[in-house]
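Asks: When I checked TrEMBL for this same protein, it listed these features:
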type: SIGNAL; residues: 1-21; note: signal peptide
type: BINDING; residues: Thr499, Arg504, Ser670, Thr671, Glu721; note: L-glutamate binding site
type: TRANSMEM; residues: 544-566; note: transmembrane segment
type: TRANSMEM; residues: 586-608; note: transmembrane segment
type: TRANSMEM; residues: 620-640; note: transmembrane segment
type: SITE; residues: Ile649; note: site 'Crucial to convey clamshell closure to channel opening'
type: TRANSMEM; residues: 811-833; note: transmembrane segment
type: REGION; residues: 863-890; note: region 'Disordered'
Amino acid sequence: MSSISSLLLLFITCLCVKVDTFSRFPVGALFNHETNSRSEEVFRVLSSLDTSKPFQGRILHPNVINSLSVSQELCSDTSENKGIVALIDVRPTNGICDITCLLCNKLHISHLSVAWEIPDTSDQDEFSFFYHPPSELISKAYATLIKELEWDRFTFFYEDDGSFVRLQEVINSWPYNNERIQFEKLEPDGDNRKTFKNVFGVLRISYHLIDCDVNNIQKYMKEIVSVNNSTQYQSFILTALDSYLIKLDDISQLRANVSTLHLTKSNEPIWRDFGIDTAEMPVLIETALTADALNHFEKAIRTMRQENMMEYVDPPEICFAENKAAYKEKAWIHGEALKEVLLQTTFRGTTGNITFDENGKRTNFTLYYSKLDKESQFVHVGTWDSKTDSFLTINNAVTDRSKAITSDSVVRVAMKVGMPYFDVEEANGTIIQKGYAVDLIDAIFKHIRQQKGYGDIKHEIYKTNANSAGNPIAGTKKWDGLIGEVLELNAEMAISDITITSERSAVVEFSMPFMSLGISMLVRERDPQQPDMFSFIKPLALDVWLYLATAYIIVSFVLLICARMSQGDWVNPHPCNQHPENLQNIWSLYNCMWLTVGAIMTQGCDILPRAAGSRWVTGMWWFFALIVTASYTANMSTFLSNSRRDNEIKDVKELSEQNEVSYGVLINGSTYNFFENSNDSVYQKIWTVMKSAKPTVFTNNNDEGRDRVVRSKGNYVFFMESTAIEYYMQRNCDLKMVGSKLDSKDYGIALHKNSPYKRLVDNAILALQETGDLLSLKKKWWESDVKEGNCEKSTNEAEDNGSLQMKNTSGIFLVLGFGGILGFFVAIIDFLLHARQISVKEKVTFKEALLSEWRASLDPRVLHKPAAPPRSAPPSVTPSPRRERSQSRAVSVLRAATSFINFDEIY
């Protein structure tokens, strides 16, 4: 009896176990050699954790790889009443619904995919559920992140063509007016250092997006630091959702900004409930999605049981059928119901909210935003919401790694030789660096060291061989000059007369301006003209003066002839005598010339003609004298004004309208580019003339342009920055700045893109500006007591207030003196002739007559003198015959001359 009871009890127990087994829904999990072993472990733990679960898990691990072989092996695994109602497909399928996926959909077996899928799904995938967030939303999140980080250009690193599908939104949303995306393929098993070197060194791109397998990230980062020792100026976004779990602290040289998005957190407490230690081995997204898929399936099954939606029916085997009708006949009867429940069931899993749209795709999920901190650990700093497509920052304490300045940081500052900015001298074996840029950078770092946390920062000045601020090298993407030094990572910053331009700002970052300026013209003062003492002659040309003198003589003779011929000019010398024996004519040649010269001198005359003919001649001469005098006065005024006025170029328009003075600029400099790219007609004309000038008017540096201006003696104009002109003017009195500034520009300090020093340098410059130190530094290096050239001109010019100077009027005094001396000699001759006449007339000696006239004429107290001098002895009665002949001959000549000139009758 006891044996029969035991057998009966055993049979009942087995029956109960069989019934319980049939009531549990079988779910399979498909793994292969590419899946993570932790995912299989988690599935096993969750399946066996509680025997009361409404499902039983089966691990399917085919030993084949290709899709067809996998489906055939899956057929054998689900045959003989070993079917499954759902398949959790953990395999990486590269976004493709393969044969296994298609078979599950045809047989109404829920296909729970963990891998990412392509954005577009077909009607054949209606029983597929994608627990991995849709690639289009992930791509959208990275596109938004790139926009948040304000990237202006970036490199897209990829391993396979699937990246263009997964990150399609990143490519499509990139603005068309930005620089194009640089696509570079990485070889997981190859050497990529050449690729990285080209991107960092040649293309000079600082922003990069890397879409690769998470296991290859360390390899790529090591290759990056091997070719770029200044990674602090680089920024990377890692698109693999497991990137935040990578340990990068062993790559000490990596100082780049590294960001990533992820769906899970490494310290979720639920893993401890499952008995899984995440400290030794972090949980990957594949494992988390496997657990979420199984737990979500469990919740759906429980919902179906609670609502008594179905009774368990064995699912079909997952095998090929002969035709479409055969698939419909074999399809699991409760597949539709399970699909609807799965779509409607929401669940909070390790990857966030599990909700699906009508296509079985995840919706309403959140991505975590993490950045690499100073200790090379990823720190959660924000979240991205798929519903709003926006980032929410929750941790502002984590700064960019590139902005992290260590206590032992030594900042290299590049400078080029050229005063007043930088120069090097050697005195007693000691190298001395001096200049405005040296003092400015010292003042900047002095201010930085006063800030909290930057007390130990150091800087060193790096002398370069550059002779320019920096220009693109034709045919390459490299730059020369100071900009090239910064881009080649030889220095953290560069300072000199570097003009901030859009072209330079595209490759480097500039500090706030420390000096404002504009383009102006440097010219040399023309050598002062030697004073012309006969400048009063200049208003009329030499031939005019000759014609005027000729006309004066001719008119005087014509007037003399007319006056002699006209009876009206013969008058009664004694008006009281009505019947005079003789008539008198006062118009001698002397008086005619006196009248004409008085008219031309606008002084008039005390005698005037009486006859009509002589008056007409005199009137015409007065009219002529009026025109000549007025013309001379007007020309004299204009001449004096022009002599005071500077005949040099006044502005750029006047310069462009002449062809006597040449002009040039520094080749390939910012001023050169200003004229080359200007749309102004005047500047375009100047550019055309400069470009076609032979020999060339361009110079290699500013000093060469200055020397050319000095040598030209006013026949060459050099366009350059106003600050440089001011510096040269302080040292050479012959140089000056002409015209207003053609534009407005600034000098700034060139730094790397994303430089950690920019904010510190900007604050320091602003502080120096507020305290007036910038102005003091400029005065120190611009003003100088040692000057060249003609520095006395300023004193002379200051005395010239527009009045006529002695150096220009000395000729007038010379004429006056010469005329006075000539008149004096004429008076002497007249005095001697008069004395001779007296001696002959009064029969006295010439000496007696001369002494008598001398005493009588030169005594200012005596207003009268005797008509004849007193005789000292009786005259000789019998003069010699020879003396009588000589006297009569002299008297005849004197009478003839007196008769013509009529000296005795001057009125």
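Glycine is no exception: its Cβ is also placed from the backbone N, Cα and C atoms.
Where the annotation comes from TrEMBL, it is an automatic prediction and has not been curated.
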Asks: Please give the sequence-distant neighbours of the transmembrane segment (544-566): residues at least 6 beyond its ends with Cβ less than 8 Å from one of its Cβ atoms.
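Replies: Apart from its flanks, the transmembrane segment (544-566) reaches 537, 585, 587-589, 592-593, 595-597, 600, 609-614, 617-618, 621, 624, 628.
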Asks: Tell me the Cβ neighbour count for Ser670 (L-glutamate binding site), meaning other Cβ atoms within 10 Å of its Cβ, over all protein chains shown.
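Replies: Within a 10 Å radius of the Cβ of Ser670 (L-glutamate binding site) lie 22 other Cβ atoms.
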Asks: Any residues 6+ beyond the ends of the transmembrane segment (620-640) with a Cβ under 8 Å from its own?
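Replies: Sequence-remote neighbours of the transmembrane segment (620-640) are 535-536, 538-540, 548, 551, 555, 559, 596, 599-600, 602, 804, 808.
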Asks: Looking at Cβ-Cβ distances, which residues of the chain lie under 8 angstroms from Ile649 (site 'Crucial to convey clamshell closure to channel opening') while being 6 or more apart from it?
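Replies: Ile649 (site 'Crucial to convey clamshell closure to channel opening') has long-range Cβ partners Met521, Val523, Leu655, Gln658, Val661, Val717, Val738, Gly739.
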Asks: Given the binding-site residues Thr499, Arg504, which one's Cβ is surrounded by the fewest other Cβ atoms within 10 Å?
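Replies: Selected from the binding-site residues Thr499, Arg504 on minimum Cβ neighbours within 10 Å: Thr499.
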Asks: The record lists Thr499, Arg504, Ser670, Thr671, Glu721 as binding L-glutamate. What's the largest Cα to Cα distance among them, in Å, rounded to a whole number?
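Replies: In whole numbers, the farthest two Cα atoms are 17 Å apart.
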Asks: With Cβ-Cβ distance below 8 Å and at least 6 positions apart along the chain, what are the contacts of Thr671 (L-glutamate binding site)? List them in sequence order.
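Replies: In sequence order, Ile519, Val665, Phe719, Met720, Glu721 meet the Cβ cut-off.
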Asks: When you average the Cβ positions of Thr499, Arg504, Ser670, Thr671, Glu721 for the L-glutamate site, which other residues in that chain have a Cβ within 8 Å of that mean position?
Replies: Ala469, Asp497, Ile498, Thr501, Gly669, Asn673, Phe674, Lys745
Asks: With every protein chain in view, what's the tally of Cβ atoms within 10 Å of the Cβ of Glu721 (L-glutamate binding site), excluding that atom itself?
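Replies: Around the Cβ of Glu721 (L-glutamate binding site), 24 other Cβ atoms lie within 10 Å.
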